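Asker: Straight out of Swiss-Prot:
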- 44-273: domain 'Radical SAM core' (DOMAIN)
- C62, C66, C69: [4Fe-4S] cluster binding site (BINDING)
- S106, C138, C198, R268: [2Fe-2S] cluster binding site (BINDING)
Amino acid sequence: MSNIIKYKKKILNGDLLTKEEVEELLEEDITDLAATANEIRESLCGNKFDLCTIINGKSGRCQENCKYCAQSAHFDTDIIEYNILNSDRIMNSAISNYNKGVHRFSVVTSGRALNNNEVDTLCKTYLKLKETCSIRLCASHGLLKYEDLKRLKDSGVTRYHNNLETSRKFFTKICTTHKYDDKIETIKNAKKAGFEICSGGIIGLGETMEDRIDMAFTLRELSVESVPVNILNPIKGTPLENQEILSYEEIIKTLALFRFILPTVQIRLAGGRTIISDKGKKALESGVNGAISGDMLTTLGIETSEDIKMIKNLGFEV
């Protein structure tokens, strides 16, 4: 019996794989690995697909030095900078996306964390949205304190996003202005405040497959509900502008392994799909059951209507 079949049976019996068992899958055929990851997804998660969109609610001038990010003030990138968007702009975007068939909507803001006035402003917007539209609200506002997280929760936000980005070991190679434990503390505080958690990372930063596996196990320990997987789209002006883009095989292998490690979570194909050949179609058949649609924060994405058509053609329910 191959390791793929053996470990599929173990997972479907309700057990979790160890890191050593996952490492045994590294040399398996990628096509078989992806197909089996998809079978695990279908057995444990069904065919329901979770589709979300984001809006860049505050852009640029970030004091953090994440090497991949166009919004860092440490690097010379050609992006538009602005403070918190007004309520009407955010609400119009949320309602428009809801009418297109999107399930979730997230406001994402640059910077280490919002200040009190910014939290106040967005809480008012979230309350208005909750009263106006049935789209599920998510938020990504950095390393907030518990008290601010609780205010967001009380305003109608149901899921908080904070990416680990990579493994603990590799993190200091991409960011030195905050610590891995700052992220974990924020995630734990968000859970304490009553949020579901969306946390994943970026692949293609120069990390190894071992780093990706380590990150996935940390996410499993944190019991997150949604794991967005971004593919680095190198931005001119950042230290990673010349980083080699991952092969599609490496992307598919990573997604499939994540399903073996995280059998019941939403694995969400996120930024970077425009740089791969089929806009993520094969990736969506590798254990994935969620995606971010539309434009990303500082890069173009894929039109939502095009995404929904592709997702339905693959047999998912949107």
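Heads up, the Cβ atoms here are built off N, Cα and C, so glycines get one too.
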Asker: At the level of the C-alpha atoms, what whole-angstrom distance separates C198 ([2Fe-2S] cluster binding site) and C69 ([4Fe-4S] cluster binding site)?
Answerer: 19
Asker: Does C69 ([4Fe-4S] cluster binding site) have same-chain partners at least 6 apart in sequence with Cβ under 8 Å from its own Cβ, and which are they?
Answerer: C62, F75, I235, T238
Asker: Check the DSSP secondary structure of C198 ([2Fe-2S] cluster binding site), expressed as helix, strand or coil.
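Answerer: Once the DSSP labels are grouped into three classes, C198 ([2Fe-2S] cluster binding site) ends up as strand.
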Asker: Enumerate the residues of the same chain, S106, C138, C198, R268 excluded, that satisfy the criterion Cβ within 8 A of the mean position of the Cβ atoms of the recorded [2Fe-2S] cluster site; list them in sequence order.
Answerer: C52, I54, R104, S140, R159, H161, S226, P228, I292
Asker: Taking the Cβ of each of the binding-site residues and counting other Cβ atoms inside 10 Å, which one has the highest number: C66, C198?
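Answerer: Answer by Cβ density within 10 Å: C198.
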Asker: Using DSSP reduced to three states, classify C66 ([4Fe-4S] cluster binding site) as helix, strand or coil.
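Answerer: Assignment for C66 ([4Fe-4S] cluster binding site) reads coil.
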Asker: Does DSSP give S106 ([2Fe-2S] cluster binding site) helix, strand or coil?
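Answerer: Once the DSSP labels are grouped into three classes, S106 ([2Fe-2S] cluster binding site) ends up as strand.
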Asker: Quick one: give me the count of other CB atoms within 10 A of the CB of S106 ([2Fe-2S] cluster binding site).
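Answerer: Taking every protein chain into account, the count is 22.
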Asker: Return the residues near R268 ([2Fe-2S] cluster binding site) by Cβ distance under 8 Å, restricted to its own chain and a separation of at least 6 in sequence.
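Answerer: D50, C52, C198, G200, S226, V227, P228, V229, V288, N289, G290, A291, I292 - these are the non-local Cβ neighbours of R268 ([2Fe-2S] cluster binding site), listed in sequence order.
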Asker: Enumerate the residues of the same chain, C62, C66, C69 excluded, that satisfy the criterion Cβ within 8 A of the mean position of the Cβ atoms of the recorded [4Fe-4S] cluster site; list them in sequence order.
Answerer: E64, N65, Y68, A70, Q71, S72, H74, S110, C175
Asker: In angstrom units, rounded to an integer, how far apart are the Cα atoms of C66 ([4Fe-4S] cluster binding site) and S106 ([2Fe-2S] cluster binding site)?
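Answerer: Spelling it out, the Cα of C66 ([4Fe-4S] cluster binding site) and the Cα of S106 ([2Fe-2S] cluster binding site) are 21 Å apart.
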Asker: Quick one: average pLDDT across the domain 'Radical SAM core' (44-273), no decimals.
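Answerer: Looking only at the domain 'Radical SAM core' (44-273), pLDDT averages out to 96.
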Asker: Provide the number of Cβ atoms within 10 Å of the Cβ of C62 ([4Fe-4S] cluster binding site), excluding the reference atom itself.
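Answerer: Taking all protein chains shown, C62 ([4Fe-4S] cluster binding site) has 22 Cβ neighbours within 10 Å.
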